[in-house]
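Participant: Taken from TrEMBL, the feature domain 'PurM-like N-terminal' covers A:30-146. The Mg(2+) 3 binding site annotation in TrEMBL covers A:32, A:77, A:217. Annotation source TrEMBL lists Mg(2+) 4 binding site at A:32, A:47, A:77. For A:49, A:131, the entry in TrEMBL reads Mg(2+) 1 binding site. Annotated Mg(2+) 2 binding site per TrEMBL: A:49, A:77, in sequence order. Among the features that TrEMBL reports, substrate binding site is placed at A:56, A:268, A:325. Residues or ranges marked as ATP binding site in TrEMBL: A:130, A:131, A:155, A:219. Summarising the annotation, TrEMBL assigns domain 'PurM-like C-terminal' to A:159-302. The Mg(2+) 5 binding site annotation in TrEMBL covers A:220.
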């Protein structure tokens, strides 16, 4: 095993040094812990996500994608709170037996670090701590952001009558996984890119502060994540299947029904799911225009704690029978 | 696999609820991220540590010890900065195939959570985030503490002439591992306890603020960790072998020479290694008395960037030939 300190230093510290001074980092990597200076009047927003090989990403995924994706899924949680990302810590567990020699290890690490750092830079996030250990390939990323006190987007503010909307398009994560399993390897393919290089919607979360009554990121799938809003806000949902914005090439790749199922329950989309008052939709959409991001109304919140779908009858049954939801039949309340 | 949310909720959230309100936690586990309110005028101190089965702890270690130890090694980094611990995040990767059935999984998790929480409570640390994934057993712990601005103990302040001291006793980590490998399983054995249930020296770190010129925790072994002080402070070290405080039962278990080697390079002791002016030693020792903890002077810093040992000649050669140190011969400068 290469010495831990060498690894950290070579691939993760040097490129960060330039940015540390300007981002509240009093003492960066290299001591027992890092010293940070939060801004006065701000709340800290923290979350951790682990990405495990063969569970969250395929073993053959490019190291660049592995680095990007591990950070992206963690940043997505900050986006869902409306937070600004500032710092992250990265715990890499690396199975050196998977590499033929030290050179191969170095090449993998360099590519991994490029993917991780590029996304750090895109979101002004400084890597302030790390750990490299030996074992099955896995990456734990802790993200730390900031928010003015009282402005967080939580899961608990949705009310019956609020509209339900999503940023961007759905089903791309599951669609990309399906393509990967069929042998597609071109990261430029829009679905594969959605699966392996998801874009955390930090700018959208920030833009929706003060408008969204509840928010989360779609990681488990629309229906599963709607259930989290239900549990926290005590509202049900009515979804219009025909309104679901499908990822590019999803329908042509999988067919209409599989595409809709991917959008409903596929997960790994990392779009924001928000609820908001009907009067605020136009303003919210306007705020996302400069980001090149759509905000599509896909349904509304209701009092009955179930989910129902209007649209094709077979898929409506799929929705109302979805695990995690109590069966909820009848007309939309 | 048990549902992730059930796991987190059942074993990690409920026992935390009581303590969250009183510890700056505005919004606890259960949303996309946690909201924390740092104290004004304080720096944040953050670090991450990963513990992997068969690398950092034996597969057969009790779940209680695994939970305790994963947190302890992370908290030890805060101790080394002189920080007060406040919050932690815990990413557990669990291989459910290792359990015969769900009942066995539950039993393991309950025991693990007891070990983790007991140490949380001991150090007033609130678990504010978690992630549970499936894979080879591994725990990533991010710890967050606070420090008044400018009061951190770093690795870079040691000067030639400073004395070198350690809290408690050395060699217990390596001695416990040796006993474990010989089949000893009684956690009440002082060496096994040092190995599997290390105590992070947070109170000692706090007490040594303003006195220690440099500090770190001994995780890699005395000689390896002295090299970190050397690299950050640009000083060498002279160590008196006869002065090394050995863990209880270490010498009787391993013999004198192996005991000294365990103390020099065994690692996993999680004691604090500090440098301080000769005039401050008595005051520092006095401050640790209420903690029931000794502070033993084991040598001094010198200008030549090597390490030398006074004492048995064979072990002196072992010290000066230790990897990570340039060969440094001759009399103590």
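Just so it is clear, glycine is given a Cβ too, placed from its N, Cα and C backbone atoms.
Please treat TrEMBL annotations as automatic predictions, because they have not gone through curation.
Each of the listed features needs to be described in terms of its position in the shown structure.
Facilitator: Across all of the domain 'PurM-like N-terminal' (A:30-146), the predicted model scores a mean pLDDT of 93.
Residue A:217 (Mg(2+) 3 binding site) has a Cβ environment of 25 other Cβ atoms inside 10 Å. In this structure, residue A:217 (Mg(2+) 3 binding site) is part of a beta strand by DSSP.
Secondary structure from DSSP puts residue A:32 (Mg(2+) 3 binding site) in coil.
Mapped onto three states, the DSSP output places residue A:131 (Mg(2+) 1 binding site) in strand.
DSSP gives residue A:49 (Mg(2+) 1 binding site) a strand state. Packing around residue A:49 (Mg(2+) 1 binding site) is summarised by its Cβ count: 24 other Cβ atoms lie within 10 angstroms of its Cβ, all protein chains included.
Sequence-distant neighbours of residue A:268 (substrate binding site) (same chain, six or more apart, CB under 8 Å from its CB) are A:173, A:174, A:176, A:177, A:195, A:198, A:219, listed in sequence order. In the three-state DSSP scheme, residue A:268 (substrate binding site) falls into the coil class.
In sequence order, A:228, A:267 are the residues of the chain that are 6 or more apart from residue A:220 (Mg(2+) 5 binding site) and have a CB within less than 8 Å of its CB.
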Participant: Under 8 Å Cβ-Cβ from residue A:56 (substrate binding site), six or more apart in the same chain: what's there?
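Facilitator: In sequence order, the residues whose Cβ lies under 8 Å from that of residue A:56 (substrate binding site) (at least 6 apart) are A:50, A:69, A:73.
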Participant: Short of 8 angstroms on C-beta distance to chain B, which of the listed binding-site residues (A:77, A:131, A:268) are there?
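Facilitator: Listed binding-site residues passing the 8 Å Cβ cut to B: A:77, A:131.
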Participant: Residue A:32 (Mg(2+) 3 binding site) to residue A:130 (ATP binding site): how many Å between their Cα atoms?
Facilitator: 11
Participant: Where DSSP helix means H, G or I and strand means E or B, what are the helix, strand and coil counts for the domain 'PurM-like C-terminal' (A:159-302)?
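Facilitator: Reading the DSSP string over the domain 'PurM-like C-terminal' (A:159-302) gives 67 helix, 31 strand, 46 coil.
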Participant: Which site among A:47, A:219 has the most other CB atoms no more than 10 Å from its CB, taking these as binding-site residues?
Facilitator: A:47
Participant: Quick one: which of these binding-site residues, A:47, A:49, A:130, have their CA within 10 A of residue A:77 (Mg(2+) 3 binding site)?
Facilitator: A:47, A:49
Participant: Here's one to test understanding: among the binding-site residues A:47, A:49, A:130, A:131, A:155, whose C-alpha is closest in space to the C-alpha of residue A:217 (Mg(2+) 3 binding site)?
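Facilitator: That would be A:155, the closest of A:47, A:49, A:130, A:131, A:155 to residue A:217 (Mg(2+) 3 binding site).
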Participant: Please give the ATP site's span as the largest CA-CA distance among A:130, A:131, A:155, A:219, to the nearest whole angstrom.
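Facilitator: Maximum Cα-Cα distance: 32 Å.
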